[in-house]
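Participant: Would you mind keeping the following structure in view while I ask a few things?
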Amino acid sequence: MNYTGKKILVLGMGKTGISMVKWLSRLGAQLSVADTRTSPPNLELISRIVPGEAIFCGPLKEELFQGIDAIAISPGVAVAEPLVQAALQQGVPVIGDIELFAVALDQYAPPGTKILAITGSNGKTTVTSMVGEMVKNAGWDVEVAGNIGPAALDALMQRMDANKWPHLWALELSSFQLETTSSLRPDAATVLNLSEDHLDRYDSIEEYAAAKARIFSRPHNNGCVQILNRDDARVYAMADKNSKQVTFGLSAPVSDEEFGLLPGGSDVWLAQGSTHLLKTSELAVAGLHNAANALAALALCRAVDLPFEPLLHALRTFRGLPHRMQKVAEFNGVTFYDDSKSTNIGSAVAALNGFRKNVILIAGGDGKGQDFSPLEQPVSKHVRSVVLLGRDADKVAQAIQASNVPIHRVTTMDEAVQVSFLLAEHGDVVLLSPACASLDMFNNYIHRAEVFTAAVRLIERKFVLTAQTCH
């Protein structure tokens, strides 16, 4: 679509919404912008681009959708919104920022520009960051963008203005972004895993999986290499007979192209086929789930023919991301980890399975309609006690009851940390891995992590002070 003079309704004024406003205004579109919040972010910035009479805050109204040529929808706004559905039925296109980005790349990017696209319930930000570091270490100019930030269109405009195109785009994509994307042509793409998530937005996990699988729906040709997790049946079922597949998993590779784990000496190695590549003990990030992340990142980078040596060097030095299995403190023989980014079951299960020690688990929050029963087995295997807080604490407790692990209820994060420290024995881990969203008690998962860390630091100071007094 040529957007010059076209009437486009942009829904949402968050980071993605403002990026679409800026991009579409460059293309000469006639914009109106709406957000269901009465005081949305970026209102002042948008009012500099869009006339005040074309900006609407509060519940969406039918008249907003009259006479428009397209809807540019932010990931935070559901396509299932009745007024959006009514517009779709009338033939109005509904697009998102990644669709606009994909069309722009086709038009403006130099030939040979590569795209690696990453999605999944858990680990997608980590893998996207890994890929960025690995590609950079291999000597290519890389732009990491999408759900990870910056917004893809913001990164695109910055690159265009500087006339400095990257060799490769590493894109983290959410299911919400993929729903409205049909023109993206990645050279390789992965769905890392699937676990129950966002079931407040999807009717079933099958519908959620179908949204994720759109990452492989490359138009015009089947040149996208599918990087598939063979340990996840729903992901493995996404294999397309017209595309090339490379699998990764925690089992030994069966073919020369597959990535997996192999024993070697007293260690376990990342491997491709029968070739030992890197000891898992050399990874700076802990846990088997991070070994799987590293294997996926290797498979993606090798799909665009980058050499192994700089990729492996980057993996040795990659230190992980904030609030994802991040060590906060260690005192009195107890280690505290912040995994506040764990907003669903799958990420909490992965975190627990990554530990060989006894864990005091802090969990709970807004469960987003998830079935918590998959927590029962890892809790039974790895957890000494569970400390629960938040709106859906009772649902979590019910799901893990059969594990016979003691459950303690608290009302604040401070109390959760205090109780956990009292329960912990020498050599134990206190792990904040909530398996839930944070908005029932906190501004976001970062705020939840900050409150957790502050509570840990307070106990640490008291402990150190007491120890000094005793001496």
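Glycine residues also receive a Cβ, built from the backbone N, Cα and C atoms like all the rest.
Annotated ATP binding site per Swiss-Prot: Gly120, Ser121, Asn122, Gly123, Lys124, Thr125, Thr126, in sequence order.
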Participant: Using DSSP with the three-state reduction, classify Ser121 (ATP binding site) as helix, strand or coil.
Facilitator: coil
Participant: Specify the count of other C-beta atoms within 10 Å of the C-beta of Ser121 (ATP binding site).
Facilitator: 26
Participant: Other than Gly120, Ser121, Asn122, Gly123, Lys124, Thr125, Thr126, which residues of the chain come within 8 Å of the ATP site, judged by Cβ distance to the Cβ centroid of those residues?
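Facilitator: In sequence order, the nearby non-listed residues are Ile118, Val127, Leu192, Asn193, Asn293, Ser347.
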Participant: Can you check which residue among the binding-site residues Thr125, Thr126 has the largest number of Cβ atoms within 10 Å of its own?
Facilitator: Thr126
Participant: What same-chain residues, at least 6 away in sequence, bring their CB to under 8 Å of the CB of Gly120 (ATP binding site)?
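Facilitator: Sequence-distant Cβ neighbours: Val127, Thr190, Val191, Leu192, Asn193, Leu194, Lys212, Asn229, Val235.
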